[in-house]
Amino acid sequence: MKNIVIIITVAVSFNLFGESLQMVSSEKYPLYRDDSKYDCLINGYNPYCQDICKLHNTKEGYCKNYFCICEKLSKENVKFLSEIIDTCNERLDKIL
(Lines of atoms letter the chains of each structure in order from A and count residues from 1; the text may use other names and numbers.)
(Lines give C-alpha, C1' and ligand atoms only; values in the text may rest on other atoms or scores of the structure.)
Protein backbone atom coordinates (compact mmCIF):
# COMPACT_ATOMS: atom_id res chain seq x y z
CA MET A 1 0.00 0.00 0.00
CA LYS A 2 2.83 2.39 0.86
CA ASN A 3 4.46 1.64 -2.49
CA ILE A 4 1.31 2.65 -4.37
CA VAL A 5 1.08 5.92 -2.44
CA ILE A 6 4.75 6.65 -3.18
CA ILE A 7 4.31 5.87 -6.88
CA ILE A 8 1.25 8.12 -7.13
CA THR A 9 3.04 10.92 -5.27
CA VAL A 10 6.05 10.69 -7.59
CA ALA A 11 3.82 10.63 -10.69
CA VAL A 12 1.90 13.71 -9.55
CA SER A 13 5.14 15.51 -8.70
CA PHE A 14 6.60 14.84 -12.16
CA ASN A 15 3.39 16.02 -13.78
CA LEU A 16 3.38 19.29 -11.81
CA PHE A 17 7.10 19.80 -12.42
CA GLY A 18 6.60 19.30 -16.16
CA GLU A 19 3.79 21.86 -16.26
CA SER A 20 5.84 24.39 -14.33
CA LEU A 21 8.70 24.00 -16.82
CA GLN A 22 6.34 24.79 -19.68
CA MET A 23 5.31 28.01 -17.95
CA VAL A 24 8.94 29.17 -17.83
CA SER A 25 9.42 28.67 -21.56
CA SER A 26 10.86 31.66 -23.39
CA GLU A 27 8.99 30.87 -26.58
CA LYS A 28 5.50 32.19 -27.26
CA TYR A 29 3.01 32.31 -30.09
CA PRO A 30 2.53 35.69 -31.75
CA LEU A 31 -1.21 36.30 -32.18
CA TYR A 32 -3.60 37.99 -34.58
CA ARG A 33 -6.25 40.40 -33.27
CA ASP A 34 -8.73 37.55 -32.84
CA ASP A 35 -6.21 35.59 -30.70
CA SER A 36 -5.55 33.07 -33.46
CA LYS A 37 -2.01 31.88 -34.15
CA TYR A 38 -0.01 32.36 -37.35
CA ASP A 39 -0.06 29.16 -39.41
CA CYS A 40 3.06 27.82 -41.11
CA LEU A 41 3.60 24.83 -43.39
CA ILE A 42 7.17 23.70 -42.72
CA ASN A 43 8.28 22.92 -39.17
CA GLY A 44 11.71 24.12 -38.07
CA TYR A 45 13.44 27.10 -39.63
CA ASN A 46 10.85 29.09 -41.55
CA PRO A 47 11.43 32.47 -43.26
CA TYR A 48 7.73 33.39 -42.92
CA CYS A 49 7.86 32.89 -39.13
CA GLN A 50 11.14 34.81 -38.97
CA ASP A 51 9.39 37.76 -40.64
CA ILE A 52 6.33 37.51 -38.38
CA CYS A 53 8.54 37.47 -35.29
CA LYS A 54 10.49 40.49 -36.49
CA LEU A 55 7.19 42.33 -36.89
CA HIS A 56 6.41 41.40 -33.28
CA ASN A 57 9.72 42.93 -32.08
CA THR A 58 11.75 39.78 -31.57
CA LYS A 59 14.68 38.45 -33.55
CA GLU A 60 14.20 34.68 -33.65
CA GLY A 61 11.25 32.65 -34.83
CA TYR A 62 10.49 29.24 -36.28
CA CYS A 63 7.61 26.88 -37.05
CA LYS A 64 6.56 24.35 -34.42
CA ASN A 65 3.51 22.10 -34.79
CA TYR A 66 2.52 24.19 -37.83
CA PHE A 67 2.32 27.47 -35.88
CA CYS A 68 4.88 30.26 -35.71
CA ILE A 69 6.77 30.54 -32.42
CA CYS A 70 8.87 33.52 -31.38
CA GLU A 71 11.69 33.21 -28.88
CA LYS A 72 11.86 35.78 -26.08
CA LEU A 73 8.54 37.34 -27.10
CA SER A 74 7.33 39.65 -24.33
CA LYS A 75 3.67 39.80 -23.31
CA GLU A 76 3.47 43.35 -24.65
CA ASN A 77 4.50 42.21 -28.12
CA VAL A 78 2.31 39.11 -28.48
CA LYS A 79 -0.27 41.20 -30.38
CA PHE A 80 2.11 44.00 -31.35
CA LEU A 81 1.41 43.77 -35.09
CA SER A 82 -2.36 43.85 -34.48
CA GLU A 83 -2.00 47.03 -32.46
CA ILE A 84 -0.09 48.65 -35.31
CA ILE A 85 -2.79 47.61 -37.78
CA ASP A 86 -5.51 48.96 -35.46
CA THR A 87 -3.67 52.28 -35.12
CA CYS A 88 -3.26 52.57 -38.89
CA ASN A 89 -6.93 51.76 -39.46
CA GLU A 90 -7.97 54.41 -36.92
CA ARG A 91 -5.81 57.00 -38.64
CA LEU A 92 -7.21 56.06 -42.04
CA ASP A 93 -10.76 56.36 -40.69
CA LYS A 94 -9.99 59.88 -39.49
CA ILE A 95 -8.52 60.87 -42.84
CA LEU A 96 -11.29 59.35 -44.93
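Cβ atoms are placed via backbone N, Cα and C, with glycine included.
Which of Cys68, Cys70 pairs with Cys53 is settled by Swiss-Prot: its disulfide partner is Cys70.
For the disulfide-bonded residues given as Cys49, Cys63, Cys70, the lowest number of other CB atoms within 10 Å of the residue's CB is seen at Cys63. Rounded to the nearest whole angstrom, the C-alpha distance between Cys70 (disulfide bond) and Cys49 (disulfide bond) is 8.
In the three-state DSSP reading, Cys53 (disulfide bond) counts as helix. Cα-Cα distance from Cys49 (disulfide bond) to Cys63 (disulfide bond): 6 Å (rounded to the nearest whole number). Of Cys40, Cys63, Cys68, all annotated as disulfide-bonded residues, the residue with the shortest Cα distance to Cys53 (disulfide bond) is Cys68.
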